[in-house]
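Going by TrEMBL, these are the annotated features:
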TRANSMEM  7-34  transmembrane segment
TRANSMEM  54-75  transmembrane segment
TRANSMEM  87-104  transmembrane segment
TRANSMEM  147-172  transmembrane segment
TRANSMEM  192-212  transmembrane segment
TRANSMEM  219-239  transmembrane segment
TRANSMEM  245-263  transmembrane segment
Amino acid sequence: MSFDLSLIPLFLGLGVLTGFLSALLGIGGGIIYVPVLTFALPLLLGVNDDAIRIAIATSLLVVFLTAISSSVANVRARNVDYRLLKRALAAGLIGAFVGSQFGSHLPAEVLRVAFGLLQFYVGYRLIRAIGRREYAEGEEDIAWRKVIPISGFTGVITSTFGIGGGLFSVPAFNQFCRVPLRKCVGTSSNLIFFNAMMGVAGYVVGQTITGLPLIRYDIAFTIAIGAMAAAPLGIRFLGRVNLDLLRRVFALLVFASALNLLLGAL
């Protein structure tokens with residue numbers, strides 16, 4: 001599949017918009033990239049049956065590329081709980097590879113339905129976050145029995161759907177392991193980096209087996225450049241916008257996108 005250079009501004013713009021919104025709302029860009037690419041690939045590049053599969057794999061590469069800077073920033077800011085990260089990595093990496101095989105081989109209709117349901121969950125989390133500033137406190141407990149299921153599930157979700165997974169790992173580490181929120185965010189950003197790296201490797205294996213080019217490197221790098229350029233701007237605007245209103249509007253858009261994916265699978 002060739003890449004039309006005239007599409008560069010479009011994908012660059014997608015990265016800029018998503019990077020800006022992600023920084024404001026504290027969400028990963030995959031929840032935007034995947035549905036947009038699923039819609040755009042058939043129209044712009046003639047990809048039909050495997051559009052969502054290619055969208056997921058390409059989105060995951062963007063997640064990996066954009067996670068590099070956030071991971072380094074959190075390490076420098078000393079926001080990483082290394083004991084938690086070490087325990088989370090094994091299950092996270094295994095889950096990420098398993099998830100990439102799900103994404104490579106599950107029927108496209110199943111992926112559409114599953115991603116649509118995931119979007120409903122994200123919309124619910126955004127609505128639930130409105131007006132809430134409460135976080136779990138107490139003595140930190142990073143027992144293996146708690147960390148393994150959280151990190152393993154996050155790895156599977158990350159690679160199966162091409163998203164970061166922080167919407168799952170951050171609240172879970174905070175609620176169940178009592179890790180301070182700042183450390184949850186920093187540790188999760190590094191976990192996402194490694195999970196996404198393993199997931200991308202898994203999709204490379206998957207496309208070798210299936211013979212289908214799942215990852216569009218040209219699109220991924222173009223989007224990533226825009227996202228990394230816009231994220232600092234989004235952070236600057238954090239104190240200037242009504243975040244609760246923005247969450248409501250974005251949640252409605254996510255719900256609409258979820259319905260579109262679910263109806264498209266029928």
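Backbone N, Cα and C define each Cβ position, glycine as well.
The highest tally of CB pairs under 8 A with the transmembrane segment (245-263), across 7-34, 192-212, 219-239, is held by 7-34.
In this chain, the transmembrane segment (87-104) lies close to the transmembrane segment (192-212): three or more C-beta pairs between them fall below 8 angstroms, excluding pairs fewer than 6 positions apart. The transmembrane segment (219-239) and the transmembrane segment (7-34) are in contact, since at least 3 Cβ pairs between them lie under 8 Å (pairs 6 or more apart in sequence).
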